[in-house]
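Read through the structure below, which is laid out as structure tokens, and then see the notes.
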Amino acid sequence: MTIDSGFNHITVLLDEAVEALALRADGCYLDGTFGRGGHSRLILSKLGPQGRLLGFDKDPQAIATGQALAAEDGRFVIVQRSFAELGAEVAGRDLAGKVSGILLDLGVSSPQLDDPERGFSFLNDGPLDMRMNPNQGISAAEFIATAPVEEIARVFKEYGEERFAGRMARAVVERREKQPFTRTADLAEVLKVANPAWEKGKNPATRAFQGLRIHVNNELGDLETGLEAALDALEVGGRLAVISFHSLEDRIVKLFMRKLVKGEADNLPRNLPVQHKTFEPRIKLIGKAQFASEAELKANPRSRSAVMRVAEKLR
């Protein structure tokens, strides 16, 4: 467990993820989602003097934590970028095709969820923001204030998998014409009233809030870009471990890995004039999808939706 600004964060699948990277003492590794540094600290504890670790994060608070770690350990460097940009960062450091392992721990962290001022939570009132980097892009409030009802409904449905997306979007637009949304609790209440069928044990605003967060931070687009960049950055034999927390993320990871296991030309007719190498696998899967243990679920209920997939680069 790491503690930041009074908010507890328990790293999910900590030992399993680091073990999946098959660390070499002198290897070069990337933590694409530094967060509060749980995975990074464990990786560093297993690297030798020649080992290196490069961390990425968009969140200013995560960067501050990372800079403190970098000051303590010269083997570690933190950069304030999305892991979707790791290709450019790796190229600039002459590490393309030389990275031994990459870890991506997707989604929002507990400190982000639990800090009302970040605007991620429908349980604790705060400014309606939701940006991983509050200094970049438009906030959730700005999106809600200007987007057409069809676009809001699309975000709720496509990214939040909300059954009543249209109805909830119309309620949002109707209310914003009278008074703009600036607070999370205000939006959550309107969504709650507009949702006609509450799921047992789940806040009726959950899916819509997820959709907003994913849209505001371009999470799925970043994931698709980041996976491609990660594969290019890895050396042959390098490992990629990805932890996802909802079906949309996991579907992207699963399809990406499946495509590369079968060969990139898997969907092409076999009589097309393409090189045989195009059909050869680029990765192999390491084991099956992993989930949190019973012990971890008891210690950290938020780990219940975590799933980790691991692949090794073949060429």
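Each residue, glycine too, has its Cβ placed from N, Cα and C.
S-adenosyl-L-methionine is bound by G37, G38, H39, F83, D105, Q112 in Swiss-Prot, and the record lists one more residue there from D26, D57, D94, D125, which is D57.
Taking a C-beta cut-off of under 8 Å and a sequence gap of six or more, Q112 (S-adenosyl-L-methionine binding site) has these contacts in its own chain: D59, R118, F120, M132. Cβ environment of H39 (S-adenosyl-L-methionine binding site): T11, L14, A17, V18, D31, L103, D105 lie under 8 Å away, each six or more residues apart in the same chain. With the fewest other C-beta atoms within 10 Å around its C-beta, G38 stands out among the binding-site residues G37, G38. The local packing around F83 (S-adenosyl-L-methionine binding site), expressed as other Cβ atoms within 10 Å of its Cβ over all shown chains, amounts to 28.
In three-state terms derived from DSSP, G37 (S-adenosyl-L-methionine binding site) belongs to neither a helical nor a strand segment and is classed as coil.
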